[in-house]
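S.K.: Below is the structure I would like to discuss, written out as structure tokens.
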Amino acid sequence: MAIDKLPLLLFLSILLCLNRPVLSDTDEEDILLTGINSYRTTQNLTILSKNENAECLADEIADQFKNKPCTNDTGSATVPGTEPQFANYPQILAKCHLNVSDTRDGSIMPACVPRLESNLVLTNFTKSQYSMSLNDSKFTGIGIGKEDDWIVVVLTTNTPEGSYSTATPTKQESNGFTFGIGLVSYLVIFMYSSFCFFLF
């Protein structure tokens, strides 16, 4: 009797191990990307595609603003030419495997919005000095990072000076990690099914 249930048990075990839950996490970054691309569509511009290296830089820049309060002279309200300068900018670029020549034509736009309320976040980019960059057709890619009340948008171009393209793609690294987990799962399933086979 138990041997009759073995194929069903094996099938269910394999099915459970292969079934990887997909987490649907709609966050401020995704909402902002959708809003910016909708805005660009209404301006008859192409949508911006995600750029992982720009996203890395946006995350690192947002981290620099950690615990910095929102004021009338921070973020999108900053007077041009008075933007914060980071002494460790070369190290920030290095963390993302970038250098100054790969980012020269790009644009870094920080905004501070209490609790990152989505409508206000989008307005901080579309109804401020940042709208000039969003309306510029030279930009083709985007990276978004956030920390506390800060959200940073990095725009990229398709030129060598603004492509943010020198980093090793993180997808390759993560695919290797996924493959490693998948291989372990298959080995565990194989060992489990072999054990069950010899047990009965």
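For all residues, glycine too, the Cβ spot is worked out from N, Cα and C.
In case it's useful when we look at the structure, here is the feature table from Swiss-Prot:
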SIGNAL    1-24  signal peptide
CARBOHYD  N44  N-linked glycosylation site
CARBOHYD  N72  N-linked glycosylation site
CARBOHYD  N99  N-linked glycosylation site
CARBOHYD  N124  N-linked glycosylation site
CARBOHYD  N135  N-linked glycosylation site
LIPID     S174  GPI-anchor amidated serine
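Help me see these features in their spatial surroundings.
M.R.: Neighbour list (N44 (N-linked glycosylation site), Cβ cut-off 8 Å, at least 6 residues apart, same chain): empty.
Just so you know, the Cβ of N99 (N-linked glycosylation site) picks up 12 other Cβ atoms within 10 Å once every protein chain is counted.
Other Cβ atoms within 10 Å of the Cβ of N124 (N-linked glycosylation site), summed over all protein chains shown, number 22.
Using a 10 Å Cβ-Cβ cutoff, N135 (N-linked glycosylation site) registers 13 neighbours.
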S.K.: Quick check for the class: what is the C-alpha distance, in angstrom and rounded, between N124 (N-linked glycosylation site) and N135 (N-linked glycosylation site)?
M.R.: 14
